[in-house]
Each structure stands twice: as structure tokens, then as C-alpha cells.
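Student: The following block contains the structure, expressed as C-alpha cells.
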Amino acid sequence: MDPEALNLEFYDKNGLDNPIHFRCDPKRIGMTLPSPDFSVDDVLELVGGNRMIEVVQVQNQGSVKMSLQEFINFYKTPQEKREVLYNVLSLEFSQTPLEDLVKSPELVRQIDWVGNQWPDALRQRWISFNGRDKKFYNPHHTFPKVQNYCLMSVANCYTDFHIDFSGTSVWYHVLKGRKVFWLIPPTETNFFIYQEFIKTVNDNAFFGKSVEKCHVAILEPGDTMLIPSGWIHAVYTPDDSLVFGGNFLHSQSCKTQLRVYQVENKLNITRKFRLPYNEELIFYVIADYVKQWTGREYVRPLRIEDAKYDYVGDKWKTAGGHHKKIEYSDYETGVELTNDMIKGDEESTKDEVKVIAMHAENSLFGYPMVSKATFSADTGLEEEADEDEVKYQETKEEMDARRDAEIDELANSNSLIFYKNRTHDFVRNKCVPDHKLPIGHEPPIYFNDDEISRISPRLLDELETLGTYIRRKARVEVAEGICQPASLINTFQTVLKKRRSELTGKKFEFNQIMPRRYTRSTMETGEYDFQPTQEVPQESARRSTRFKVDNFPDELLESEVTDKPIILPQQPSSGPLEYLPAPKDEIKEDINGFEEEFEEEYEGIGQRDDQEEEEYDAEEPEDQEEEEEDEYQAEEYTPTPVTRRSSSRRSGAKNDESEEVSVKKDKKEKMEKVEKDEKRRNSKSKKDKISKEKKKKERERIELESQLDAELRAAHGGGSSKSKKKKPEKPAFVGGLPTSSIQIDPVVSNPYNYDPRMEMMKLGTGQLKSAYRKTKNNVELHIEKNLYKIEPKRGSEEGSQSREQSMEPEHSTPVFTTFDDINEANNDHYDGQKPPTKRAKYEAISVDTYETPSSSRNKEHKEYRPSPNAAPTPSPSHHQKPKLSSPAMVSSTNEYQLRKHMSSERRSSDAGSAMKKGVYMPAMSRQDKMIAEGASAPSSRHSSISSERRPSFIPDFNSSRNSSIDTPYTPTTVTPSRSSWLPNTSSINRHSIEDDSPIDVVNDSLSPINIASSPTYPTAITPPPVTLSDLKKDMSNGRKSHSQHHDDGHKHKIPSKEAIAELKLLVGKLKAINDS
């Protein structure tokens, strides 16, 4: 098309339905662009390198934030050195010096909603700084700022198929490089396919092959293209390019814009990728059209000094505010914004500092009388005022009150003003259903026929869709300054109906909305929604009338005496008034022509008057008019002190003066009765009030006393408050039997922390923590700890070294169990293996001399012994392999002692055993405990076969064994389960980590055992004899026992006879102590 033909006439006739490609001088379509020598370095200089921008990563279509300086450095790198591809699509350069060099086509500026309908005073922004030195900044705006974009793309960048946010149209000019566009029309089928394409994230297919038609357009340097609303397009960049463009909304594409907006809602597109303040913009557009068509103003003129953030409107640009660079030093003393102040605005990352601009030139253009206090308190702006110029300055409150009073006065005097003061504003970013509220009585609509006649059929269809969408929406975000959205939408749709009737040749019927129908009570109180004509009363006339008789029907009542002037509203009415005169049959009159009155009705006159006031104060919707009418007719008529009579055009001339005298007498009598009733009611109300006050004071006194009592009890450590009335104690009955009361608190204090539950549960076996837990501070007596001390303290350097050397993998399960073991494992009280608790610094000694020493890891486990009569039963998993018990010598005497003391019950703790015997046992060291236990078992290497999960030890098959036997020992069976405190040998590895046995008792009189000739399931099998010399050789080879804690790493080994004698001596001493 001809470039000069792109004007408003073409737009009104054809709209913007198809893409338009211009290959001509940009000035022919009203554009302003820089010279072809303009480069990205100029963009960097005009916009600023410290501006943070969002960059698209082409590989995954994700986004990355970086400064403009960083991207320019990437853009200038050679193509072969670019590891990733970055594409800048969201650099909005409005309010920067670059805006003076680039201007969109003239038609775009004329039809753009944001540029023409958005109020100038609401063009605001706030700046956020981030970085260590607050070097980088990011602007945030409170209006849809999408008019000017600078797009910088490197070669091979690709943007997949998409629709611009909220169905905005696009203007596009290529200054450098080339662009390839794939364009798909916005048909219903294509929209449906596109929605499915967006949902399939992993679909890498080319969307252009999924639709019927896909157009291709190649833009060379200097070309300009207009992309209409809703067109699905993809862009490829073959060369490094520099492009200028922008988005805009207009009236000829309302249908498509709303359809795209609904698609975004269905796809749950985030707020970040949508047009901000879309619904607020629609309200401003509708209000602008209504003002052109009817003269009604629904948007309150907003002031620049009321700006919550930094004003950046037209006056700010005229003053050159956009040429000043943004630096943190200029904003350092600004007002920091809270999250509540910016809640709901443009989403951004959490920045370190958020401030408002502090420059005086950024605000207050044409308002020199505003005080400095206003800036510091409201907007944070500072300005010095000349004393000679201004002597008195208003405060913020005074200025706001004066402004509100001016708006209220203007709204009352002008019937075309529908906005109100700032107290009626809606909360920003809050959806409200106020556009669906019922509309009360309004003044008539004055139509501007010249402007309405310019609405073309095409534009009418688009605007009707816009009005229907807003009306049907449940909740909307009402723009700031609009106080009556329901009336605004109703007027907008009324004008469109009028224009539709004109185009179709039908008669336009406009029904004015009435709040309610008028009844007698309305006429008596004077609550009119219209202004009736008035007549000046003449002094010689006996009666003054307020209305012309010809204007009202005969049934309407007139007042005889005008006591008070009726205040009427200032706005004229429109449309026919509807009256509901009462039928003559329902109005009963006496001989004088007055309605009958009854004295008993005066008793409830005050209540009925209050009800009538409440009913007429609130406006009722249209659909309740009939119900109200029935209610008013059903009520009995209640006369007022001023008498009324039925009107007639000749009724006043026929009455005599005698009638008036009788009426006056009746009036006086009734008034006196009314006054008496009022006095009686007043006196009664005073008495009620006095009684209520007394009750209230008494209640407050009781509450105060209860609070004081509670505070005193809390201060003195008392319990809850008790009732003063003592109830007789009665026995408690449960199931017909009296029971003793359950005592919650202890009778006496427990200074020794004695807990009888210790006798029932062994500490450390999984019970809950309590204040009675056994610790060294509350139950242990600190006796001499160095008794029989033959090892250093735990935690020493050598001890920690030995433990580190003994760290080995997790132990396996026991190789076999006995029949008794299986039975015990199936018992209900079997708890299984518990995690080890924290080891105390000092261990308590047990008085059970028959207890087998075990490692501290298994100290808390239940131990079981095999029955002497039951044969050992093999494990199910090892039924074909011979089972070996721990290699220990078990004599018949020892076995008898073990069988005598063993049971399947859970054994109590060491402290619990001592308590059962009535003896308090102090804490003793581990070696004392083992010495005491060793006395009851001469052969300490007995078998510890039990259902307890003890570790099994695997002999070392690769090592050689130095023994007194010529034939080497070679095990042929499963690894035997042996005690962890046995001495170390060359054929058996040590696996226990927690055992720290101080003494190894070695039996030198052992004889070798032939394992091959042993029974299949032996009770006890011992390895070849081990001598002290063999042990010394083993220790010299570096295999140290993990339980050695002295300096040289070797244990002092003594013969078994001496050890047993020593143990017996200790046991005797312990028995003596117990007996004493």
C-alpha cells in the first residue's frame, strides 16, 4: 500500500487485520529513526551500561539477567567465539535520551490506548539498586510501558512461535541486519492448535507445519512492518541485527485482544509475561469514550503531587528529566519502599535497596505553592521555597481537605461530574465486583450525536464486545480515580445500544432507572429523587400548595401547612415518574373528609417512623420494587402531627372555617398526648440506661478483682483460682463402685530424684527422656575411681588411636540359635536391637555376678542363654552347614551355674538390680565390673549363644598361625560366633569396636580339638591352644587388641589361676559390703 495512505481514514475503514510491510523511507509513515551509522555502542551510551536487562538464552528459550554493558561486550565478540547465544527482546528505552531519536509511526501514536488514555499523573516509577556498590539499577513502572523497545540479536538467534502479550499489535523496523518472520493468521482453528502446542513443552516440531497457512516475510535493513493483534509468529536472525519496535493496543481489535487475554488465562501465563494493568487501561478507555459521547466525567483529575512514586510524565520529559543518568548517589537519601508498598506491581527479583527519586525537577510542574513538608512526608521530594515569594504554606492535610471540598462542590453543582474525592478510590491491584452493583436514579444522559455518528459498524462491534466482557466478568481491577464503575459501564452500553438502533433503523427506547416507586410516606418526608416545581405562597391565601394541581392526580395528598421547607436535590430528573396512588376503597374518610385516625396507633409511632427512615435511606434495586410496593400497601396508614386530606381540585373552596377550628383542637389534644408518651418513654429509657451502667460497672469490678487475684497467685506461685463456695466431698463412682481419687501432684517433694519406674524399665532402652534419668549428678556417688585402674582414661591419645585402628565393617547376625532362642525371639516383649545411647563417663557395676561381660554396643540388649536340655537348632539359612559357637571352654559346673541363673525374662538394669536387693550401688569403672563378673565364671570364655544379635567374627584364612601344634589350623566350617573380648590371634580378626576389656585371661592347659571329627552341631568347640608366647608374637607383629589403652599398646597378661583368685577376693569384698 502507499505509505501516505496509512492514516486514520484508512484505519477507521479497514482496521489493522493483516500485516503491512513497508520498504520505503520511514519518514513517509511518520517515523523518526537515527542514522544508519547508529550502533549498539550508541545504545549503551544513551541508555546506560548499569541498566539491568533480561536476556533470552536461545538454546533453551530461558532468561538470564545481566547488565547492558555485559551484553554489549558479548554482542561485540566474534561469532566463532560465542559459546552461547543471547537475544535482547525486552529493553524498553522510554524515559531515556534514546526516546528522542526513535518514534513509532504516526498512526500508531494516534490510536495507542496507553499513550492517549492513560492519565499523565499516573505515569510513575520506582528504582531498585543492586550489586555490592549499588552500581546496577532496574526501573519499575506503574503503567503499561511497552511502547518502545530496542531489540539486539546476534546471528542464528531464533524466537519460537508466540503471540505478543494480551494480543498487542507490533510495529517493527530493522535498522541493521536481517529478520525472517513466519506469520500465522489468528483463526479459531489456529488458536486451538496453538494452545495445544504451548502445553507440550517437549515438542520440538516446527509449529508452522501444523497449520493450514504459514506466511514468510523477510525484512531487510530499513524495512518496517506492522503485525496485527493475535498473529502467531516466529523470528529468525541470520545476521547480527539492531531493531526498534513496540507494542500497542487499539479499539479496532478488541475482539482479538480479549480472546488472547482469555487464552493467557487458560494457559496460566505468569504476570511477568503479560501486559501489566490491562483491566485498568480498559476502564480508562471506556471512560474516555463516555466523555466524548455524553460529556460525563468518571475519572477524577489526578494531581502530580499525589504521586506515590517518582512522576515521569509529559511535564517531566519537557523539563528534561529523561536526560539525567540514574546513579545511586542521587537516590541514597531516598525513601526505602517496603514490600507492602510495591506488592502486586511488576514482579522482580529481591533487590537490596528500593527507593523513590529525590530530585525536585522530577515532580511538581506548575504547583509552586505546595510546601516542602508535603514532599518529605508524601513523595520524599525536596524543594527550597523562597521566603519572599511564599509567606504561608498549607500543610498536607489542609491541602487534601481543600481539594476534596472542591471536588464535592463541583460534583454537587454539575450533573455531568460522576467522580468523587480521593476517599472513594479503590485499592490498587484489588479485584472488586463493584461494576455489578445496581444503579440508582441518575440525571438524564445527554447524547452528543456528532460524536456518536462517527462510530462505524466495525468499531461498534468491537466496542460492544469490550463492554460485554467487562460486564460479565465477576471481579475486575478498577482503575484509580474511577468511583462509579457500574454507572460508567451502563452509560457506555446505553450509547452503543442507541448507535445500534440508529444503524438498524429501529426506535431507541431508553428507560431511566428509578431507585423505587413513590408512596405517601415519600411525599410526606420530602425524600424526592426529582425536583418538582414550586410556587411562592401568597399571604392572603388560606392554604399554600407546593405543587401545581394539574401535574398530579386527584388521589395524591397535599399538605395543609408547610412547617419546614423541604430540601430538594439539585439534579433534574429524566424519564416519566411512576406513582402508585392508593385506591379509594382503602382510604376511609370521616364526615369531615379526613382519614380516620385511631389513638392506639400512637403507641408505636416512634418505631414505625424509625422503620420508614431505615427503609428509605438505603436504595433498593429494581427487582425489589414490586415487593416494596406490597409492603407499603399492607401497612396501615399512620397519620403524622400535620394532617393531610385527599386532594381535589375544588376541595379547598368548599370547607368552612369551623372545620379548621375543630381540626386545630384535635391537633392540640393529640400533640399533648404524643408529648406525654415521649416523656414517659424518655424516663423509662433513662432508668434502663442507669441500670445498664450499674451492671457494667459491677462487671468491670469483678473482672478487675479476678485479674488481681490471678496476678497475685502467679506472683506467689499459686495454682489456679478456686471457687469460694466449698462443695461437699462425695465419693467418686465408676461402674457402681467407689474409687479413690487419682492424685496428680506428688504428696511431698522429691529432692533425691528418686523414681520407682527405674525398677521397671532399664534406662537407655528407648524410653522417653525425663527429669529422673540417671546421670552422674543425681544418682552416682563419686568414689575413688582409681581403684584397680590398669588403663588410661577414655579419650586419651593412645585410646583414640586404638579405636581408630579397630574400625571395621558392620557385624553379621549370629550363625545359629537354639530352640529357646527362637521362642524368646517370638515373645511380645522382645524389643529387638536398639541404637546405642550416649556412653556415660563412668559405668555402674552390676551385682549380678553371673552376668557375662559384653561389649558396650550390646549392653542395652536382652541376652538369652540356651537351655541345657535342648539341642541347638540350626538357623534356617544355614541348615546344611555346621555351626560353631564361641570358642570357649564350658565345664559342666559352669553350665549348671548358668542354667541356674538364666531365664527368658528381660533383665533389669544394673541400678535396678541393686535396688531390688536393697543396696545402693555406686558407679564403678568398667574393669571393676568385669573383675566382679569374672569371679562367677572360672572359664571366662564361655559361649554367649543367645537371641541377641551379636557380631560374628570371620577368621583370617590368608594369615599363618604360629602355634605349638605342628598341623596348622584350617577352619572348614562357618565362622564361629565368639565373644568380642577374647584375645587376638593370627587366625581370627577382631571386629568389635566398643569393647574395652582390660584383662585377657588365657588358659594355658587347652588341648587341640579335631574339628573334622567333631559333631555336626557341637555345643562348644575350642580352637587349638594358644600360649602366652604365641600372643607375644602376635602382638609384636603389629596386631594390637582394640581394647588396649596403655602407653606401649600391650596388655599385662597374668595366668588364669592368679586372675581367678583375685576375682574371688573382690567378690567376697562385695558380698561383705552388701551384707553390711
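Using the three backbone atoms N, Cα and C, a Cβ is placed for every residue, glycine included.
Swiss-Prot feature annotations, pasted as is:
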| type | residues | note |
| --- | --- | --- |
| DOMAIN | 93-265 | domain 'JmjC' |
| BINDING | Thr159, Lys179 | substrate binding site |
| BINDING | His162, Asp164, His233 | Fe cation binding site |
| REGION | 598-748 | region 'Disordered' |
| COMPBIAS | 610-634 | compositional bias 'Acidic residues' |
| COMPBIAS | 653-680 | compositional bias 'Basic and acidic residues' |
| COMPBIAS | 681-698 | compositional bias 'Basic residues' |
| COMPBIAS | 699-714 | compositional bias 'Basic and acidic residues' |
| REGION | 789-1056 | region 'Disordered' |
| COMPBIAS | 789-811 | compositional bias 'Basic and acidic residues' |
| COMPBIAS | 935-946 | compositional bias 'Low complexity' |
| COMPBIAS | 957-990 | compositional bias 'Polar residues' |
| COMPBIAS | 1004-1019 | compositional bias 'Polar residues' |
| COMPBIAS | 1044-1056 | compositional bias 'Basic and acidic residues' |
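Map these features onto the structure and tell me what's around them.
Tutor: Across all of the domain 'JmjC' (93-265), the predicted model scores a mean pLDDT of 92.
The Cβ of Thr159 (substrate binding site) has 17 other Cβ atoms within 10 Å, all protein chains considered.
Following the DSSP three-state reduction, the secondary structure of His233 (Fe cation binding site) is strand. For His233 (Fe cation binding site), the count of additional Cβ atoms within 10 Å of its Cβ stands at 22 [all protein chains shown].
Helix, strand and coil counts under DSSP for the compositional bias 'Basic and acidic residues' (699-714) come to 16 helix, 0 strand, 0 coil.
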Student: Say you check the Cα of Lys179 (substrate binding site) against those of the binding-site residues His162, Asp164, His233; which is nearest?
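Tutor: Ranked by Cα distance from Lys179 (substrate binding site), first place goes to His233.
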Student: If you count CB neighbours within 10 Å, which one among the binding-site residues His162, Lys179 has the smallest count?
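Tutor: Output over binding-site residues His162, Lys179: least Cβ neighbours within 10 Å is His162.
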Student: To the nearest Å, how far is the Cα of His233 (Fe cation binding site) from the Cα of Thr159 (substrate binding site)?
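Tutor: With distance taken Cα to Cα, Thr159 (substrate binding site) is 9 Å from His233 (Fe cation binding site).
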Student: For Asp164 (Fe cation binding site), which residues of its chain lie six or more apart in sequence with Cβ-Cβ distance below 8 Å?
Tutor: Val170, Ile227, Asn247
Student: Quick one: which residues besides His162, Asp164, His233 have a Cβ within 8 Å of the Fe cation site's Cβ centroid, in sequence order?
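Tutor: Other same-chain residues near the Fe cation site: Thr159, Phe161, Ile163, Val170, Ile227, Trp231, Ile232, Ala234.
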Student: Indicate whether Asp164 (Fe cation binding site) is helix, strand or coil by DSSP.
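Tutor: Going by the DSSP assignment, Asp164 (Fe cation binding site) belongs to neither helix nor strand, so it counts as coil.
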